[in-house]
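Taken from TrEMBL as is:
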- 6-52: domain 'Amino acid transporter transmembrane' (DOMAIN)
- 27-57: transmembrane segment (TRANSMEM)
- 119-451: domain 'Amino acid transporter transmembrane' (DOMAIN)
- 125-144: transmembrane segment (TRANSMEM)
- 194-213: transmembrane segment (TRANSMEM)
- 225-242: transmembrane segment (TRANSMEM)
- 262-280: transmembrane segment (TRANSMEM)
- 292-313: transmembrane segment (TRANSMEM)
- 333-362: transmembrane segment (TRANSMEM)
- 455-477: transmembrane segment (TRANSMEM)
Amino acid sequence: VGLVYMFNLIVGTGALTMPKAFATAGWLVSLILLMFLGFMSYMTTTFVVEAMAAANAQLRWKRMEKRKEDDDEDSSSGVSDSDVLLQDGYERAETRPILSVQRRGSPNIFEITERVEMGQMASMFFNKVGVNLFYFCIIIYLYGDLAIYAAAVPVSLMQVTCSATGNHSCSVGDGTKYNDTDKCWGPIRRIDAYRLYLAAFTLLLGPFTFFNVQKTKYLQIMTSLMRWIAFILMIILALIRISRGQAEGHPSMAQLSGIRNLFGVCVYSFMCQHSLPSLITPISKKKHVNKLVLLDYILILAFYSLLSFTAIYCFRNDTLMDMYTLNFTNCEIINVAFIRYFLGLFPVFTISTNFPIIAVTLRNNWKTLFHREGGTYPWVVDRIVFPAITLIPPVLVAFCTHDLESLVGITGAYAGNGIQYLIPAFLAYCSRKDTQLVFGSGTVNKHLSPFRHTFWIVFVLIWGFSCFVFVTANIVLSESKL
């Protein structure tokens, strides 16, 4: 179940922008980069699991030390460490998820039974500068996420409802290139319609940022179901069109100019590291967790390849939309109106349910970053200022641009790069040093990453920093050409 959740978490909105990125970078370059970034993401996932085990061991050891002190004070000596550990395990059984209650026998000190979020791990293993950089990276990533969501919904609504021919459902994806200044309804231009939808989206979902979002289980089940129906429909429709000989795509093998956006989209599309504590902790048998996660990554890689290859061979490069679902709102592709509207409006439903959750997460991260020990915020700061600084910047970005491929590319290439490569590598390195200091050099973490040699950590860090340089240089060079 945990691995199904991980699959659903990774395969999200990023996948919808992947076909366009594949087409602009060329199929061979795209496939090689996708496989390499999938491997890198898997490696850093094992780093995070290792750091979670080290954090659990440290928390357990601190409780043992505290229990020892209490026992010494009560003059009740003669209690062994394993007894203390067992007693601690049974006392905490009621507060743990059912699946993670340990069986009889002394649990391994590195057993992952307690959920330790990335922020908590950062505060345990990093110094103050490192913790602040961690929160800065998470905040930038969440801002990018919100900007993508805030642009994707109005873009989908604009594309589906605006039409130059007057036939609302058949004009998108037919090869006609629309400009933002083209008419939508009467005197209203397409860009005006987009901004109207953005305003409505902000007014409807923005207020959730000022409250807490809880009990979203049924919403998540519904959006997962819709997501799978939409993805399978798009793959089947593209395959049918290719099998009938109606395919128009002639993708190139390699176009280096498209690598920047493809890199960002791929990093964004493999993102799950920040949610691993919630996914891995409740799993009962964690002995083969790394192998099962590897299987997950192989399935995701196959799924992304299938979606992207069917897209680039079915549609011409110049007709592929930033949001792939919009290619299926054309009557020639599918003549069933319900399916056209379902696929065209699919991002509206799924993204709308995620927006409040991401916004509340970002707001809470801001609060944590500025938190003072024992201090509380004034009501205005807590209820007005933090939600406002959460909501306004992404809406302003979405107001200025609706280029989803670039938004996803830049978010993935910068903040995503930090969360997916740099932070897990530093967590693995610092947690190994801390474990040796606390437990001695002979202690082995049972969840040690298969990439245990220091070479892999150095490799990930060099790769992460070189990606920053490459993407920045690419942006500067392309801007100077303009």
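The backbone N, Cα and C atoms fix where each Cβ goes, glycine too.
What TrEMBL says about a protein is an automatic prediction, not a curated fact.
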Contact set, same chain, for the transmembrane segment (333-362): CB under 8 Å, 6 or more residues outside the stretch: 13, 16, 139, 142-143, 145-146, 149-150, 152-153, 156-157, 159-160, 169-170, 172-173, 201, 205, 208-209, 211-213, 216, 219-220, 222-223, 226-227, 229-230, 233-234, 237, 241, 323, 325-327, 387, 390-391
Intrachain neighbours beyond the transmembrane segment (225-242), with Cβ under 8 angstroms and 6 or more residues off its ends: 8, 11-12, 15, 303, 306-307, 310-311, 313-315, 324-325, 328, 333-334, 339, 342-343, 346, 349-350
Beyond the flanks of the transmembrane segment (27-57) by 6 or more, those residues with Cβ under 8 Å of it: 21, 109-114, 116, 118, 120-121, 124-125, 251-256, 258-259, 262-263, 266-267, 270-273, 276-277, 280-281, 289-290, 293-294, 297, 300-301, 304-305, 308-309, 312, 420-421, 424-425, 427-428, 431-432, 434-435, 438-439, 445-451, 456-457, 460, 463
